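Student: Following this message is one structure expressed as structure tokens.
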Amino acid sequence: MASPGVGPGKRIHYSGDINQSPSIRVVDPVREFGSPGLGNVAWKERVDGWKMKQEKNVVPMSTGQATSERGGGDIDASTDVLVDDSLLNDEARQPLSRKVPIPSSRINPYRMVIFLRLIILGIFLYYRIKNPVHNAIALWLISVICEIWFAISWIFDQFPKWLPVNRETYLDRLSLRYEREGEPSQLAAVDIFVSTVDPLKEPPLVTANTVLSILAVDYPVDKVSCYVSDDGAAMLTFEALSETSEFARKWVPFCKKYNIEPRAPEWYFAQKIDYLKDKVQPSFVKDRRAMKREYEEFKIRINGLVAKAQKIPEEGWVMQDGTPWPGNNTRDHPGMIQVFLGENGGLDAEGNELPRLVYVSREKRPGFQHHKKAGAMNALVRVSAVLTNGPFLLNLDCDHYINNSKALREAMCFMMDPNLGKHVCYVQFPQRFDGIDRNDRYANRNTVFFDINLRGLDGIQGPVYVGTGCVFNRTALYGYEPPLKPKHRKPGLLSSLFGGSRKKNSKSSKKGSDKKKSSKHVDPTVPIFSLEDIEEGVEGAGFDDEKSLLMSQMSLEKRFGQSAVFVASTLMENGGVPQSATHETLLKEAIHVISCGYEDKTEWGSEIGWIYGSVTEDILTGFKMHARGWRSIYCMPKRPAFKGSAPINLSDRLNQVLRWALGSVEILFSRHCPIWYGYGGRLKFLERFAYVNTTIYPLTAIPLLMYCTLPAVCLLTNKFIMPQISNLASIVFISLFLSIFATGILEMRWSGVGIDEWWRNEQFWVIGGVSSHLFAVFQGLLKVLAGIDTNFTVTSKASDEDGDFTELYMFKWTTLLIPPTTLLVINLVGVVAGVSYAINSGYQSWGPLFGKLFFAFWVIVHLYPFLKGLMGRQNRTPTIVVVWSILLASIFSLLWVRVDPFTTRVTGPDVEQCGINC
């Protein structure tokens, strides 16, 4: 297959083959802390800069455990507390964002109901334990155990929502402060990561749209660099990216000229809106028609590449210059880097500079552990540090395009805030999705999680990292701790209650005692240089001799890997690369840092970068940062920042949930489990609650499965899990149900979530719990106890090209469908058997039956979307699964009525009792 955009003079770089220089962001040595050289010279200047900051009494960051000076309370409780009053009149000096609390008229009733529900729940459980059902002791015991677990699970889920907040950003203040007219923009550089693996499951056109939306983002072009990780080493992805870089030369100026949204062409042209609204340029219609034609031709070229890729040649793929494609063996190939766009030749059709676009495929060799997506992301962290070294990183899945061109500016309102920014490890945006059916049958939008749970966490220590749509502080990814918070006020009752553990070891307390005095009156707006504790053995030497200097450099190389260039980049506060660094040297070093053995005997994956040990590396990575004392921010702009695709098919959705749940189980049985990890750090109490909930929630599958089976067993055996209740007990039961409904209603009131979305979430909690979560528990136990690993399945990113949500009605058999189907069948059988028994027994048996029927219908109603998924499209013949379900239910029901085992058998009069005259 020929490479259309890469001629003989543009060979891909791999294994140190240097034929083209990447476009490198050169920094001003006066503004940056970088040095004009590399190696020991760069290291020495880094240390000199550190010494100068020590003389100014600036407290450096710590990479070790907690010290005695750690401040408590919320870092951004009031961002304006630390602002000098004399500067508040200057608009450019105002805070770039602010927290907007939920109105007390909405949040206070919600909190009161939570407390009431907790009290009622305690009374309910006390009643259940003190009143056993003696003729059904096994059923009663199982039900009580399940109810206690549900109560614990509810507490872990509910109380992290205690302090929800909203946030506002001020983009105009950001521009006033960092983009002064006539001067170069002072906005920080951002390196953007896009990860992809299999171009057949993640179509190149989807990835191309994501890349195009990045290249057209509303941000200074010299501050944006896009890195695409191809972990499948597919020539199809490489060639599609080459085509994308050529089309971007026309697409980007069109987007910026007419200020269109969104800037992913597929979704822009698919909008069913009046595209002429607010457009005043006469040339817009003509240019739009021309651009749409250009995009359609671009799609044809991409489709042609996909068609050719379906059949792999026997000799493997060959590039345009005749050399074999290095990635023909996807499991054994060298590292590859290709710079498609940059300062040299990276110009659009109007002669303006374009952002950098870099293709990266890390080295793969047999016998090495590559750590899937987490390993690929860490490779991108190192490559970007060597080539551009932006101080902030944005990671996106290949199907998550930028829907709001000002998304980076929204994040910078937090990251570049002089007071709040230095404590923020990442800014998380909510995930929004295209192509979901109107009713959202399988709760793909996950609105309850993104609009309720994460907003609640934002009021504590910040939202968890959800894997995409997240802007990182590069320093936080390097395993450093945030700067110590100055003690400008005493912590209040709430900050003491929700603050992290203050347990400290004597060594760290003694070590920090001298620093406490020097940091008493530190200017909190001074940037913090992260060089404390870089070498434990040379503290007394003061870096005065060459031997200790070399030892400290060796220590960082042991931590970050054997690359002097990369180590030097980690010490540049404001990012950038040394001005004197040659392109060839940096490219060669970039190839080196993505080699297989680079991470051996380093802290990558354990303390640095994306953390290994789970298929849900996002939870682990965010947890480690929060445990060190960082806080995260949840940003919800009015126009969604990013949009992606979600699997609307039942089987695909269950497999996706299975992967998430399996990752949580892996964390639960690892050393990073939040139940016991990080108690010496600065993780707040309620934040730990939330992380514990993210790891134990799959375990709820076992009691949930048993609880959903109980209605059928009760109906079939004519027994119940509760004794005959008194009037007082009835009041407790009614109060519990009312508190549950009131909690949901008030939660929807302050969050804005609709009742349909809330109900879909409740339904899928049951569907996913008795299927995906159940399998995840057993697979996790197999992996931990027997070492049996499961393969990672990439979620299909295919779009709904046929329209009418064809994927929604497609039936794909998977073993995950067995438990919910079984529950539906036995509960339907139980309902028929219970009604049959009541008809056969007379009027007096109908009263106890209603409680059992309510219990059974609760299960059936929650599984209703699953039943619709099995039936396929409406007005079509039901699938074989539904046929068998109805057949089995009918057979068992008829047998039950015929046998009728619970009817009292009368064989004749008892002569011993009533005599012969009976």
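Placement of Cβ uses the backbone N, Cα and C atoms for every residue, glycine included.
This is the feature table in TrEMBL:
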ACT_SITE  Asp231  active site
ACT_SITE  Asp618  active site
BINDING   Ser195, Lys201, Glu202, Asp231, Lys372  UDP-alpha-D-glucose binding site
BINDING   Lys373, Asp397  Mn(2+) binding site
COMPBIAS  501-510  compositional bias 'Basic residues'
COMPBIAS  511-522  compositional bias 'Basic and acidic residues'
REGION    488-522  region 'Disordered'
TRANSMEM  110-129  transmembrane segment
TRANSMEM  136-156  transmembrane segment
TRANSMEM  696-716  transmembrane segment
TRANSMEM  728-746  transmembrane segment
TRANSMEM  766-786  transmembrane segment
TRANSMEM  816-839  transmembrane segment
TRANSMEM  845-867  transmembrane segment
TRANSMEM  879-899  transmembrane segment
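Tell me about the setting of these features in this model.
Tutor: Shown in sequence order, Ser195, Thr196, Val197, Ser361, Arg362, Lys372, Lys373, Ala376 are the residues of the chain, 6+ apart in sequence, with a C-beta less than 8 angstroms from the C-beta of Asp231 (active site).
With a 10 A radius on its CB, Asp618 (active site) counts 24 other CB atoms from all the protein chains.
Within 10 Å of the C-beta of Lys373 (Mn(2+) binding site) there are 22 other C-beta atoms, taking all protein chains into account.
Panel annotation: around the transmembrane segment (110-129), residues 143-144, 147-148, 151, 154-155, 158-159, 162, 722, 729, 732-733, 735-736, 739-740, 742-743, 746-747, 749-750 of the same chain, lying at least six beyond its termini, place a Cβ under 8 Å from a Cβ of the stretch.
Within its own chain, the transmembrane segment (136-156) is flanked in space by residues 118, 121, 124-125, 128-129, 689-690, 692-693, 696-697, 700, 703-704, 706-707, 710, 713-714, 717, 719-722, which lie at least six positions past its ends and keep a Cβ under 8 Å from the stretch.
Long-range contacts of the transmembrane segment (766-786) within the same chain: residues 442, 654-655, 657-658, 661-662, 664-666, 668-669, 697-702, 704-705, 708, 815-817, 819-820, 823, 859, 862-863, 865-866, each at least 6 residues beyond the stretch ends and with a Cβ under 8 Å from a Cβ of the stretch.
Same-chain neighbours of the transmembrane segment (845-867): 441-442, 650, 708, 710-712, 714-715, 720, 722, 760, 762-764, 766-767, 820-821, 823-824, 827-828, 830-831, 834-835, 837-838, 882, counting only residues six or more beyond its ends whose CB sits under 8 Å from a CB of the stretch.
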Student: Roughly how many Å separate the Cα of Asp618 (active site) from that of Glu202 (UDP-alpha-D-glucose binding site), to the nearest whole number?
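Tutor: Counting only the Cα atoms, the answer is 20 Å.
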Student: If one measures from the C-alpha of Lys201 (UDP-alpha-D-glucose binding site) to the C-alpha of Asp397 (Mn(2+) binding site), what distance in angstrom results, rounded to a whole number?
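Tutor: Asp397 (Mn(2+) binding site) has its Cα 13 Å from the Cα of Lys201 (UDP-alpha-D-glucose binding site).
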Student: May I ask for the residues of the chain that lie six or more residues beyond the transmembrane segment (696-716) and have a Cβ under 8 Å from a Cβ within it?
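Tutor: Result: 136, 139, 142-143, 145-147, 149-150, 153, 156-157, 661-662, 664-665, 668, 675, 766, 769-770, 773-774, 776-777, 780, 819, 823, 826-827, 829-831, 833-834, 852-853, 855-856, 858-859, 896.
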Student: Rounded to the nearest Å, what's the C-alpha distance separating Asp397 (Mn(2+) binding site) and Glu202 (UDP-alpha-D-glucose binding site)? Just drop the number here, would you?
Tutor: 10
Student: Of the residues named as UDP-alpha-D-glucose binders, Ser195, Lys201, Glu202, Asp231, Lys372, how far apart in Å are the Cα atoms of the most distant pair?
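Tutor: Across Ser195, Lys201, Glu202, Asp231, Lys372, the two farthest Cα atoms sit 16 Å apart.
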